Amino acid sequence: MSDTTESNPRITPVVVGDSRFDDDDELLDGLNPEQREAVVHRGPALLIVAGAGSGKTRVLTHRIASLIRNNEAWPSQILAITFTNKAAAEMRERVGHLLGQVAEGMWISTFHSACVRILRREAENFGFTKSFTIYDSQDSRALVKRIIKDLQADAFGFTVAQVTGKISKLKNELSDADSYARQANFSDPQDAMFVEVFRAYSRALRDANAFDFDDLISQTVFLFRAFPQVAEKYQRRFRHILVDEYQDTNHAQYALIRELTRPPESNELSGLSSFGGGGASLTVVGDSDQSIYAFRGADIRNIVEFERDFPGARVVLLEQNYRSTQNILSAANAVISNNFDRKDKKLWTAVGDGEKIVGFTGYSGHDEAQFVADEIAKLREGGMAYNQIAVFYRTNSQTRALEEIFIRSALPYRVLGGTKFYERAEIKDAMAYLTSVANPFDALALRRILNTPKRGIGPATETQLASFAEREGIGYRDAMRRASELGLGPKVTAAILQLAGLLDEATALADPERPGGEAPVSEVLALLMEKSNYVTMLRASRDPQDEARAENVEELLAVTKEFNRNNPDGTLIDFLTEVSLVAAVDDLDDSSGTVSLMTLHTAKGLEYDAVFLTGVEEDLLPHRMSASEPGGPAEERRLFYVGITRARKRLFISLAMTRAQFGETAVAMPSRYLQEIPAELMDWIQSPGMATSRGGTEPRALNASRGRSYGGSGGGSGSRWNSDSTFGLPPAPPRQKTEWANRVTGQVRDNGDLELVPGDRITHTDFGEGRVNQVTGEGSKRVAHVSFESAGPKKLLIKIAPIEKL
DNA sequence: GCTTTACCACTCTTC
DNA sequence: GTGGTAAAGC
């Protein structure tokens, strides 16, 4: 990474005259002048505007290391907020590497993790216990659903999604049920009912000793505001606060930062602080062009108005890109320049143009996926490692087609996010057992396991138990222990008592006071699963899927063991916290030799040698839902921009003319953003206008009338594709589309023991005839390398490929 | 109280 | 194509 900034007229020379930094060379080596400035600047506030790939992580880690190395701060005085746990771990490692030792006591974590840490310490100040549960969005939804039912709020037209969405939004703006009630319009029965629902929801969380995701931030702010002496503790402790991805902070997070950087009330100097008794020094890093979380309350104004918010703030611009080729950057610059209302910023690089961006238009999502798979195979042959290749898409549902083709092509891949392991019902069940042990107040968790596996404890019994607990003013666990007082049938009573006994036994095992200390999480879970017969029940089931579920539970057991290995002192609560706060990227394994599939949102902050941007179609990117939201299309453009700028060397952009959505095939139009990429930067293998199929088969009828009119944005100047076509040609008529879709998806087969050897001739339903060159792999993973006469070389998973030996 | 079946609505992005 | 719910039957 050489310093080539002399050629850039925009730079201002930075004087590093302060003797403090004289022996600091090592930390400044290889940094360009702006990066150096961002590392060495000292003051109350610093905004680093870091374009994509401009080395901001490097700057942040060097800045932290420099603070510690120069004895300007103890590690414990530093709080660094990152966007994901993975980024936090990486930053910790890099700082440790720079300093030559692990910096103990430094807080490097996400907003949520930092807040959980604070809340666990301080919970008892405001009516929670330190073993509170964290509700994920599924839990919140379940709770709201129940409340809507109880209050019969569905009569007012409330849906669960609406209510959870509104509550989340309000919490991100630091409103709670009371403050909302104060300005609610009670003459509107719907609004009045919403107040009731919000109240009931908040009360239920409090009663359950639980916080939802949004609470983690907002309640920490409330805590600081209500207990100044608590706030002061943290204001004194953290003298340097650094926040990454500042453009994606919401109001609650902004307020939290404000609280933390406020000068402590009593003005005594503390230790090594470089700013007397004032507020902590704040460094934020961000790029408003990469703001893609407005939908969850991120407020772009936080970064745009930073200088006004923090007077005396210094701003450093990082525009030199060290990641991508010029072609990729030019495309990114061209696209993002269509967003008005932004500070002009142009990424540039010294590495040269690189290859052109490759474009492809498939007839269907499957055709597109096949293109991706084929290109990945070529990249691989060219020596690129699978883990340097990523495929991005707008919505998780797009993974289906990609996965089908990838499996068939024997490409090793990994889907990040999506239907996450921890969201599966059986995992949720097992986790609910653990939660019930850790937090006996959590009614939601208890309710989930009360009759899972079936114990004959139905809704009627549950209600009785609940009202008994309320009547007596006791917790659920106590109520269960006293089940015999309820006058229920002997079988039900015994079942309740047995479950209570099991939970008590597990609680004793997880008790830190226990002789020998708290038992490892895996032991607690093993006991619960064993004695509840949960896994036994699954294995005995006739439903074939239950076998897979049982295996998932076993997998969870393995996860707990792994957790215990990595965290010998890790408690049950620690485990539950960790699981609640994992992000999709967090289980990205850099060393796995697989292609990564993820949404554009998940891709933020990552980089790959080769990137495939798929589904670049109207209604998908920009997504249909974004059209109605203010600022929606601009945010979608930023999303596209984020995707483009993830690529180092190769960028592939693809779309399909029809897409399976809803179980049926719908017409798809090229995205308006495609036209924004200068034509000379792209090489279309098959542009949206080209009407011939890739295998060279006959042209498909693409001249049917349009399904809907395409109201392109701006432009309107006609074709930009470097083919002879008109823009936005409509797709094939429905019958042909379905045929195509069926031909690819319709065949699930099992060739189990088909023996193939090099030289065999085979026929494939899609690719026609070909010759087997080589067979690799074993058992069900045997792969045939086939040269097809018309479709070229392919790799096929023998077990499931639609092939026959000739 | 449990199980099966049929119909429904929804599907955008996430800590 | 899925997942969740409601009703009917055991």
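Every residue, even glycine, has its Cβ placed from backbone N, Cα and C.
For A:Gly55 (ATP binding site), the Cβ neighbour count at a 10 Å cut-off comes to 22, with all displayed protein chains included. In this structure, A:Gly55 (ATP binding site) belongs to neither helix nor strand by DSSP; it is coil. The annotation ATP binding site is assigned in TrEMBL to A:Ala50, A:Gly51, A:Ala52, A:Gly53, A:Ser54, A:Gly55, A:Lys56, A:Thr57.
Residues or ranges marked as compositional bias 'Gly residues' in TrEMBL: A:709-718.
What TrEMBL lists as domain 'UvrD-like helicase ATP-binding' is A:29-325.
According to TrEMBL, the feature domain 'UvrD-like helicase C-terminal' maps to A:326-605.
Sequence annotations record features per position, and here TrEMBL assigns region 'Disordered' to A:691-742.
Listed binding-site residues: A:Ser54, A:Thr57; maximum Cβ neighbour count within 10 Å falls on A:Ser54. Those residues of the chain, other than A:Ala50, A:Gly51, A:Ala52, A:Gly53, A:Ser54, A:Gly55, A:Lys56, A:Thr57, with a C-beta within 8 angstroms of the mean position of the ATP site C-beta atoms are A:Asp287, A:Leu318, A:Asn321, A:Tyr322, A:Arg323. Classification of A:Ala50 (ATP binding site) by DSSP places it within a strand. Taking the Cβ of A:Gly51 (ATP binding site) as centre and 10 Å as the limit, one finds 25 other Cβ atoms among all the protein chains shown. In the structure shown, across all protein chains, A:Ala52 is the one of the binding-site residues A:Ala52, A:Gly53, A:Lys56 with the greatest number of other Cβ atoms within 10 Å.
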